[in-house]
Amino acid sequence: MAQPSAESTYLGKMPAGFGMIAALHGDLDTGDGVGKVYYRQDASPATLRQAAEQINRAFPEDDEVEPEHAVVVTWVDVASRQHHDHSRGDGLEKQRNSFQLVIASAETTSYAILLYPRKGMQFASTAVGGSSQAMQAGFSKGLVKYLVFSTRQGPYYRITTERETSVRALAEETNSGKRGVWVYEIGTSPYFTSVAPGEVTDLPPDTGLESRVSEEATSKRYPGGGQQVTYSPYEPEEEVYLHTVQYQPQVVVVDDGDINVDVFSYNSETCANNRNKCSTFADCKDYASGYCCHCRPGYYGNGIQCVSEGKPQRMNGKVNGRVYVGNSPSPVEFNSNDLHSYVVANDGRAYVAISTIPARLGPSLQPLSALGGVIGWAFALEQPGYKNGFSIIGGEFTCQAEVTFLPAQEKLTIKQVFSGIDEHDHLVVSTTLEGRVPEVLRGSTVQIEPYSEIYQYSSNLITSSSTRDYTVSLDDGSAETRTYQWRQTITFQSCPNDEAARAVLPTQMLSVDQVFVMYDSNNELIRYAMSNKIGDVNGEKEENSCFTGRHGCDTNAVCRPEQGTQFTCQCAAGFTGDGRSCYDIDECREIPLACGEHSVCNNQPGTFRCECNDGYQFASDGHTCIVDRPVDHCAAGSHDCDITERAHCSYSGGSSYICSCLPGFQGHGRVCQDIDECQSARCHQKAVCYNTQGSFTCQCRPGYYGDGFYCSSERTKSQCETHRDRLLGSTEYGPQPVPGQYVPTCDSQGAYEASQCHGSIGHCWCVDRNGLEIPGTRTGPGRGRPLCIEQGPTVRPAVGPTPRPDVYPLPPGTHLLFAQSGRIEFVPLEGYNMKKTEAKTVLHLPEKVIIGVAYDCVEKMVYWTDITSPSISKANLQGGGAIPVIRSDLESPEGIAIDHLGRTLFWTDSMKDRIEVASLDGTKRRVLIDTNLVNPRAIIVDPVNGNMYWADWNRDAPKIETSAMDGTNRRVLVKDDLGLPNGLTYDPQSSQLCWADAGTHMIECMNPVQGDRRKAMGAIQYPFGITSHGKNIYYTDWRRDAVIMVDRQAGTETDVFLPQKQTRLYGITTAYAQCPSGKNYCAVNNGGCTHLCLATPRGRSCLCPNNALGVSCVESEGGQVLRWRERGAGIEVEREGGRY
């Protein structure tokens, strides 16, 4: 067998110099005892049948293929040698990938089937020569003979590009009709000829990327069925899963079943090599037949996932459905509706809310409190000797229920896939409804009687059934009792070696009471609440308050039963107090050096996390930060960017760098191609365009004069001609020179001739193109003209005309601020250009998802919205930590804007569907608009003119609206030809309101007063945030993971900044070194208002906050007192007033 090639011959090289099929090509680590690679030949009918199904689905127009042999190679738990990760205080292991390659051969043809796991690629880059590069997938024949004594590169085919996004897309897209499965015909025997990809790139409904957005965020819902910022990926009913079988020799097969198994299933290995698969709050234990994980005292779960006893649990997810109501012939369809649940674990009370349920369906879903039933079972209050669902099976399982309504036999199927606890300690669930429900009339209320449900347990299967009664009360006072039957099956992956699991009682009873259901038609929201207990089938045996839930312990505490009816309350792990009141322990403050040197400690509720500083990475212990040994490949010349004439290499810290094409070229930086600007009609219609490498020139046609961007039949005097004619003067006899005066000579094109002479004194000299004398070229009388080099005509601008004269230069220190998941970064501006090499992180907030950013130029503060808390916070850019501003009565704050004159902040909340205002410290808060909003996001204010603008990306009726800053005089600016208007920006110098639309893929602008709408840039990909300054627009793009600069006047993309961290970018704003000029009535003495002063086009309004307590407040507009409020002792008095 031939020796393997050295890594230097193939790492980072695609194609390589030898034959290769690369399922995921990089420097993968299998030497840590965790990563494994398995391979086998397989001719079993089951494997060949699966291979044939994948191939024939990918090539539907070809004759069906029946493979005869297969080779199966599986990589399990492999890590990248360079991988950097976050760590909790007790250590989290590095991320790992699992994937599979199947080579299936028929009699004359071979196929490659590449399968990537349903949970996506955990890392997408690899270490190559000290730098980080995207991993690669593809095929290569290697070097082939050429002529007699030489070789050349043979055929090859690349699946991925140099971008990490193409690697992550392997698990999200397809060419075979099934997500994460890629099929290629790789040649006809006996030759490798060419690679033919599968022909089915469409995914089944609801599995496309358009309905799946942030993989790193918590599940906050954006109603309307599209463009979510913060959901975990939707997992369709059919997925391709990988799992290891439980016998020797150990092989890996494809399981296309419906059970939610994972690639990390149990096998006969030991804890020594698999300890990392247990929860960080669990211990690993070896058994004769293998190993299992067990939660430590103070925690409960299945060992793979453990949660703290007594700590409230949160669940987030999405709901999809196709439901018929009553006898309706057409279904109500909904997609990616948000589900939130909260469980008080120490009393078994569960709360569930589902958003954006249409009024046609909402009332009829009220009887289905069982939608939250499995959540209640998972965290039910445990009676002595009994276990709730999470204690037994953890957080990864599939629940399928069939509901039969009596007596008409309508049937509804409910499928819920629980995919475990995410990085924010939230349980993630995906719910699908399919079928028919009896109609409940609008305005009716539903009351559900207490019920019990018997659960039967086995090793990997749980079943339950019950009959439930509910009463429908109509508006006319009548009531009707109805019934439905419930049958449920729960499938999960258990540890077969766990003796404790077999000790679970085969039968338990879930008792449910205090059931509350309500449909809120105004907000299209359905709510369920219920109390859950798990215990003996004969009913409750104990009366101890710990088992009834009537104990009074803090929600972050566990109730400990004692003798008889006695009990104590004990705060959950990570909290302190007497059990009646518990407070989070700030481990970062109380534990010296909790995270060690070169790291940042971030406190979390009940725990903490560590993260290495820039330039450091975690060592193998997942806790110690060691030097990353950075290499500046740009300076060393070891980068792989295109040549300097076409591309620029930008060092971005550590060993990372960014390749970007120079203006006039396009590409990803490693390969750049010239842009033919002449194809986009850049020159005047009376000019000829000449394309050049990286640029172009415009030249007026014969008979026309100008710079090519503007041509006229009337010739404009050149600089030389203007100079000459001014000196000649004018008399009644025509131009006459002043005696003894030097007068320049111009050529036929109006340019200065290269040599100029002063006839009166006999001197000659050379000049530059501006007519200035070149030193050292002057000759004296009688020595003739010097030999001068022709300077040629004035060089035309390479791209577009010169800037408009009304664009003001940027003040020193101006920069861009943009949000990238849990951080805010800035890019300095030099003139209008981004100084990309000086970009850095200004604020790091791990575990947060920052959506909107705004800047207060007075106090140099950055404000942001966070949808994980949810909250609004601020921080001083000169130094200092995050300062909470608003932390209550928020659900999904997104857009944010600052009035630096009136000292107020404005924001949108896409869950509450309203626009609010508050003082900058958050103490004075008022709702301005809460009607006719569906998906409000971007918001900006023009404090000088007193106007407010916002965008609503409601898919059914997107619009851009405006009002005065007090919410009055509301009107729609734009409603036609919009798709997903995500971002808004307003340039006060040009009075241009511009927006970025991810649906129409355009940037458009208009003057809000004149309404002259125009396209500023087209063919963009997926913009989110947008800001402007001078002639430029800057926007963030989700598909490109970049900040993109656009010349608004020329309508061209002029620069791209790729942050070092390739993740989704959100809001962006301009941070000025000096505040923009202008004043309003609120800028001095708060406009004379007692509380909120809000500018309007006519002046200002004084408004009272919604939370004004115990003080007098005067509301007025233009000096007219509208209302006077005095609140105190629970009494509110409103008095009408006159002038004051």
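Heads up, the Cβ atoms here are built off N, Cα and C, so glycines get one too.
Matching TrEMBL disulfide entries to the candidates Cys757, Cys766 identifies the partner of Cys764 as Cys757.
Residues of the same chain lying 6 or more positions beyond the ends of the domain 'EGF-like' (542-583) and with a Cβ under 8 Å from any Cβ of it are 298-299, 308-312, 344-349, 381-384, 531, 533, 535, 605-607.
Within 10 Å of the C-beta of Cys764 (disulfide bond) there are 20 other C-beta atoms, taking all protein chains into account. When DSSP labels each residue, the domain 'EGF-like' (542-583) comes out as 4 helix, 15 strand, 23 coil, counted as helix, strand and coil in that order. Around Cys757 (disulfide bond), taking its Cβ as the centre, 18 other Cβ atoms fall within 10 Å, counting all chains. For the domain 'EGF-like' (584-626), the mean pLDDT of the prediction comes to 76.
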